[in-house]
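Engineer: What follows is a single structure, and I will ask about it in a moment.
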Amino acid sequence: MNTINEKLLGINIDHIATLRQQRGTRYPEPIQAALIAEQAGADLITVHLREDRRHLPDRDVGMLIDVLQTRMNLEMAATPEMLSIAKRIGPSDCCIVPERRQELTTEGGLDVIGNKNYLRDFCLELKEAGIKVSLFIDADERQLDVCQEIGVPAVEIHTGHYADAKNAQKQKALLQIQQAVEYGSNLGLQINAGHGLDYHNVLPIALIQPIKEYNIGHSIISRAVISGLAAAVAEMKRLISSAENCTNPGG
Ligand code: PXP
């Protein structure tokens with residue numbers, strides 16, 4: 001059970017699936033990764049079901065919903081196809097993100113102002129299906145005003161620009177996030193944050209009191225690859241060396 005002021009960590013497991021999809025193998029298995037993350041303390045599991053299914057196919061999302069002991073935060077574009085998938089699968093949370101096929105990863109926040117009426121109806125349908133909605137937006141007070149106006153309970157502030165910025169620009173981006181979080185929190189919105197957060201840049205963001213959930217993927221999966229590499233090499237070396245004593249190589 002989470003306490004009211006506790007900061008929550010959502011682990012984005014898309015990158016495990018990316019590794020698997022690259023070779024069409026059965027490993028690494030994102031479901032297994034999600035369960036390990038939960039066991040290690042993750043408060044929720046985040047997955048992005050992209051329109052092009054570049055990492056997770058529908059099968060993963062369907063299986064995950066059956067085995068997770070925490071909750072699923074389904075990131076998705078605001079399309080009719082995704083709406084019907086979300087309603088069928090029933091994650092506890094949905095984070096609506098903009099999506100462009102050519103992008104490497106989600107590159108900017110939603111334009112809630114420009115799509116106000118569409119997003120209001122879209123989010124209402126999710127709410128009626130019992131799903132808590134957040135909108136992924138840049139640190140922009142005008143966007144926050146409209147999020148409140150259309151009645152969403154939560155937003156996720158895009159931290160990618162802060163993560164990418166250098167020197168004075170980084171300070172500026174941080175200040176923008178701090179101000180937006182304060183502003184959005186005063187509007188009564190739950191504020192989450194994510195994108196590009198890593199072991200070097202997360203602390204100033206973690207210090208921003210009202211932020212409730214942090215959705216982090218790439219840096220954690222990358223750290224896991226490097227941390228586990230020595231043991232993985234040693235295991236393969238042992239296996240190859242043991243062939244000397246093997247009498248039945250086929251078996
Ligand atoms: N939050 C959102 C809305 C995202 O689209 C992503 C990337 O899928 C993340 C968080 C996680 O970003 P990263 O993998 O850079 O930690």
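Indices start at 1 and increase along the chain as displayed.
Cβ coordinates are placed from backbone N, Cα and C, and glycine is handled just like the others.
Straight from TrEMBL, here's the annotation block:
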| type | residues | note |
| --- | --- | --- |
| BINDING | ASN12, ARG23, GLY196, GLY217, HIS218 | 3-amino-2-oxopropyl phosphate binding site |
| BINDING | ASP14, HIS15, ARG50, HIS55, THR105 | 1-deoxy-D-xylulose 5-phosphate binding site |
| ACT_SITE | HIS48 | active site, proton acceptor |
| ACT_SITE | GLU75 | active site, proton acceptor |
| SITE | GLU156 | site 'Transition state stabilizer' |
| ACT_SITE | HIS195 | active site, proton donor |
Engineer: Write down the Cα-Cα distance for GLU75 (active site, proton acceptor) and ASN12 (3-amino-2-oxopropyl phosphate binding site), rounded and given in Å.
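Structural biologist: Here the two Cα atoms lie 10 Å apart.
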Engineer: From the Cα of GLU156 (site 'Transition state stabilizer') across to the Cα of GLY196 (3-amino-2-oxopropyl phosphate binding site), what is the distance in angstrom?
Structural biologist: 13
Engineer: Please report the number of other Cβ atoms within 10 Å of the Cβ of GLY196 (3-amino-2-oxopropyl phosphate binding site).
Structural biologist: 21
Engineer: Going by DSSP, is ASP14 (1-deoxy-D-xylulose 5-phosphate binding site) sitting in a helix, a strand, or coil?
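Structural biologist: For ASP14 (1-deoxy-D-xylulose 5-phosphate binding site) - judged by DSSP and reduced to three states - the answer is helix.
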Engineer: So of all those recorded positions, ARG23, GLU75, GLY217, which one's Cα sits nearest to ARG50 (1-deoxy-D-xylulose 5-phosphate binding site)?
Structural biologist: GLU75
Engineer: Near HIS48 (active site, proton acceptor) in space, meaning Cα within 10 angstroms, which of the recorded positions do we find among ASP14, ARG23, HIS195?
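Structural biologist: Of everything listed, what lies within 10 Å of HIS48 (active site, proton acceptor) (Cα to Cα) is ASP14.
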Engineer: Between HIS15 (1-deoxy-D-xylulose 5-phosphate binding site) and GLU75 (active site, proton acceptor), how far is it from one CA atom to the other, in Å?
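Structural biologist: Pair distance, Cα basis, whole Å: 14 Å.
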Engineer: List the same-chain residues at least 6 positions away in sequence whose Cβ sits under 8 Å from the Cβ of ASP14 (1-deoxy-D-xylulose 5-phosphate binding site), in sequence order, or say none.
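Structural biologist: Once residues fewer than 6 apart are set aside, ASP14 (1-deoxy-D-xylulose 5-phosphate binding site) is near PRO30, VAL47, HIS48, HIS55, LEU56, GLY217.
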Engineer: Distance check, please: Cα of HIS218 (3-amino-2-oxopropyl phosphate binding site) against Cα of HIS195 (active site, proton donor), rounded to an integer number of angstrom.
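Structural biologist: If we compare the Cα positions of HIS218 (3-amino-2-oxopropyl phosphate binding site) and HIS195 (active site, proton donor), the gap is 9 Å.
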